[in-house]
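Some features that Swiss-Prot has for this protein:
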type	residues	note
BINDING	Q167, K343, R372, S373, K394	(2R)-2-phosphoglycerate binding site
ACT_SITE	E209	active site, proton donor
BINDING	D246, E291, D318	Mg(2+) binding site
ACT_SITE	K343	active site, proton acceptor
Amino acid sequence: MAKIVKVIGREIIDSRGNPTVEAEVHLEGGFVGLAAAPSGASTGSREALELRDGDKSRFLGKGVLKAVSAVNNEIAQAILGKDGSAQTEIDQIMIDLDGTDNKSKFGANAILAVSLATAKAAAASKGLPLYAYIAELNGTPGVYSMPLPMMNIINGGEHADNNVDIQEFMIQPVGASTLKEALRIGAEVFHNLAKVLKSKGLNTAVGDEGGFAPNLASNADALACIKEAVEKAGYVLGKDVTLAMDCASSEFYNKENGLYEMKGEGKSFTSQEFTHYLEGLCNEYPIKSIEDGQDESDWEGFAYQTKVLGGKIQLVGDDLFVTNTKILKEGIEKGIANSILIKFNQIGSLTETLAAIKMAKDAGYTAVISHRSGETEDATIADLAVGTAAGQIKTGSMSRSDRVAKYNQLIRIEEALAAAGTPAPFNGLKEVKGQA
């Protein structure tokens with residue numbers, strides 16, 4: 001048993017130039033874990049609270065000194081002397097100490113940073129790579145898989161300053177046999193997409209997640225540009241590369257009139273009409289996964305969408321489920337969607353994140369591990385994806401070091417597992433009903 005001997009919180013800067021919380025947890029023997037909390041732009045209303053200072057004289061009110069103070073004081077005092085490998089106990093101590101349903105006293109950003117730093121320190125004390133330690137915490141020691149990347153190569157919505165309503169247009173290199181090959185395919189398509197956009201006189205500046213953010217006449221135009229890029233890269237769309245979208249529908253849903261208002265192309269849809277709009281895109285392009293295809297509160301709309309599309313493609317709940325087992329349980333019981341997006345800052349601790357992944361898998365749902373639009377160099381989600389054998393990961397495009405850091409960690413993990421004679425299987429999309 002290695003006891004926690006020091007806990008340090010600090011304010012650092014994320015990929016959008018906003019502050020976030022970093023935590024250091026020190027154990028006996030000199031073992032140290034360092035972790036930082038990510039931050040979202042389009043957020044579900046039922047996410048755990050990200051505590052900001054609100055002091056307009058610092059960082060336009062987005063400082064996190066209150067959360068950092070909680071780490072350095074109340075949280076540190078509560079967990080000093082505890083066994084660093086008692087992850088569930090430590091997380092529960094912080095949850096109970098906070099005492100709110102949404103971690104609004106200390107902030108999910110404070111609790112999560114300490115939770116992850118504790119896991120990293122404990123892994124180091126046991127001489128284990130983080131993914132192996134996570135697998136132990138998950139109750140699945142030695143069970144790993146390399147995740148299929150869902151690469152966000154055209155950004156819209158809240159992730160870009162353009163007129164594209166749908167937030168993410170992604171590619172999935174399903175023809176790859178390894179993670180490293182998948183990244184090569186993704187990079188080649190990404191660079192060819194830059195050429196396609198330039199040839200059309202379109203902007204090749206990138207958005208928050210490293211994808212291009214051009215102004216386009218329609219969402220279908222984004223898919224057409226990607227199709228051209230895939231072909232120019234020498235790949236076959238639908239065989240080597242498939243497509244995915246994150247609609248982030250809550251961002252353009254008008255609660256007053258119940259319509260999905262896509263201002264970028266001047267169209268409005270009822271709930272069912274929007275499902276059929278997406279169905280039309282799926283008929284035209286090999287789209288294998290759609291995230292948040294309805295507003296988070298439109299459960300009737302989600303039920304209809306699941307009925308229409310759920311047997312054909314992956315329907316991922318992000319704002320819908322917010323990595324929360326209570327909400328996911330209700331969704332499973334009602335047959336809503338067939339997959340959950342996993343963002344550990346939505347719930348605020350590693351223990352609760354693992355519980356959500358387990359609940360999803362036990363119900364036959366897939367779990368997609370995800371970054372946030374505000375990230376740091378922290379690559380914990382790479383280890384989380386491998387250690388839970390989740391099978392899929394969303395961590396942005398092939399640019400911006402805050403995104404590429406996760407891909408590079410996956411390369412290292414794949415290499416290490418192969419060198420140990422235990423190569424991990426690849427491509428979790430095959431688990432989805434209706435997929436090849």
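Each residue, glycine too, has its Cβ placed from N, Cα and C.
Of all the binding-site residues in the list Q167, D246, R372, S373, the shortest Cα-Cα distance to the residue listed as 'active site, proton donor' is found for S373.
Listed in sequence order, the residues of the same chain lying 6 or more apart from E291 (Mg(2+) binding site) and placing their CB within less than 8 Å of its CB are E168, A244, M245, D246, C247, A248, L315, V316, G317, D318, L341, V368. Shown in sequence order, P38, S39, G40, A41, K343, N345 are the residues of the chain, 6+ apart in sequence, with a C-beta less than 8 angstroms from the C-beta of R372 ((2R)-2-phosphoglycerate binding site).
Within 8 Å of the Cβ centroid of the Mg(2+) site, not counting the listed residues D246, E291, D318, the chain contributes Q167, E168, M245, C247, A248, I290, D292, V316, G317, D319, L341, S370, K394. The Cβ of K394 ((2R)-2-phosphoglycerate binding site) has P149, M150, N152, M170, D246, L341, V368, I369, S370, H371 as same-chain neighbours under 8 Å, each 6 or more residues away in sequence.
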